[in-house]
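S.K.: One structure, pasted below without further comment.
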Amino acid sequence: MGTAGDSEKKPTVVFVLGGPGSGKGTQCANIVEHFGYTHLSAGDLLRAEIKSGSENGNTKWECLGLPLLKAGGVGIHSYQALSFFIGIGCILHLITMIQNMIKEGKIVPSEVTIKLLQKAMQDSGNDKFLIDGFPRNEENRAAFEAVTKIEPAFVLFFDCPEEEMERRILSRNQGREDDNIETIRKRFKVFLESSLPVVEYYDSKGKVRKVDAAKPIDEVFEVVKAIFTPKDEKVKQHRCAIL
Ligand SMILES: Nc1ncnc2c1ncn2[C@@H]1O[C@H](COP(=O)(O)OP(=O)(O)O)[C@@H](O)[C@H]1O
Ligand SMILES: Nc1ccn([C@@H]2O[C@H](COP(=O)(O)OP(=O)(O)O)[C@@H](O)[C@H]2O)c(=O)n1
Ligand SMILES: [Mg+2]
């Protein structure tokens, strides 16, 4: 990824924002199919990190030198063993921290989320990204800009009433620990207090494309499609319709 002054071309980034249950993930899947973007959901990346930390921890431990310990500890000096266990402790502590914050509907510190996003961007091999559910607060926004020097092309904002979002989350059935009424209420509060100001910030820069997300999925996508269709393509389609 580029930094300021790099001659390499910066990737195109569209931030996809909206309240919990507004349909960000659903519409991103449609956009990927039609417009060749890579979809990166900050929440999905954090959940994957928890999963890989708790289920597949060995991989990470091995990176920290578990093969040495597995070999029976032969030749391990105490300071090596100590730093090894401190390393494991840090990873487990981080995983627990992410898990607890998600359960409480809180926003995980940017260093964690941005690292995951940057890695996913590099691994994708693509140069067009839908970043879903990020930035969720001012700290996310400022840190992403400072670290990556990337400005979003625009911000797709799904506007949906709270009652509808609540209905959708309660019937989402993805087994998420935060899809319960108690955490949902906390997430709505965080959305209003911390995430909406980010949308307002980009709105003041003329970057927000607001979509009525309360409509059925297909109707929402018609509006989304028009936003992503390049202007010259729209003129072509209009001409074809007339002729
Ligand atoms: N326009 C819509 N109308 C009705 N249900 C929807 C709509 N968009 C998404 N859903 C459903 O609502 C739930 C939440 O959608 P999701 O895409 O996960 O939202 P978000 O990522 O914003 O939390 C899912 O079960 C999804 O199938
Ligand atoms: N930028 C982000 C995005 C999500 N998260 C955490 O992940 C949770 C779920 O985010 P999500 O985007 O998957 O949730 P939905 O809006 O899709 O329902 C949030 O409530 C936060 O706890 C975060 O800390 N920082
Ligand atoms: Mg989502």
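Indices start at 1 and increase along the chain as displayed.
Placed from the backbone N, Cα and C atoms, the Cβ positions cover glycine too.
Grabbed the feature section from TrEMBL, which reads as follows:
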BINDING   Gly21, Ser22, Gly23, Lys24, Gly25, Thr26, Arg172, Lys215  ATP binding site
BINDING   Arg47, Lys106, Ile107, Val108, Gly133, Phe134, Pro135, Arg136, Arg176, Arg187  ribonucleoside 5'-phosphate binding site
BINDING   Asn140  CMP binding site
TRANSMEM  76-96  transmembrane segment
S.K.: Using Cα coordinates, what distance in whole Å links Ser22 (ATP binding site) and Gly133 (ribonucleoside 5'-phosphate binding site)?
M.R.: 11
S.K.: Considering Cα atoms only, can you say which of Arg47, Ile107, Gly133, Pro135, Asn140 is the nearest neighbour of Gly21 (ATP binding site) among these binding-site residues?
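M.R.: Comparing Cα positions, the candidate nearest Gly21 (ATP binding site) turns out to be Gly133.
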S.K.: Taking 10 A as the limit, how many CB atoms besides its own sit near the CB of Ser22 (ATP binding site)?
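M.R.: Cβ-Cβ neighbours of Ser22 (ATP binding site) within 10 Å number 26.
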S.K.: Far apart in sequence but close in space: which same-chain residues, 6 or more away, have a Cβ under 8 Å from Gly25 (ATP binding site)?
M.R.: His39, Ser41, Asp44, Asp132
S.K.: Within 10 Å of Thr26 (ATP binding site), Cα to Cα, which of the binding-site residues Arg47, Ile107, Gly133, Pro135, Asn140, Arg176 are there?
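M.R.: Within 10 Å Cα-Cα: none.
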S.K.: Compare the C-alpha of Pro135 (ribonucleoside 5'-phosphate binding site) with the C-alpha of each of the binding-site residues Gly23, Lys24, Arg172, Lys215, and give the closest one.
M.R.: Lys24
S.K.: Within 10 Å of each Cβ, count the other Cβ atoms, then let me know which of the binding-site residues Thr26, Asn140 comes out lowest.
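M.R.: Across Thr26, Asn140, these binding-site residues, the one with fewest Cβ atoms within 10 Å is Thr26.
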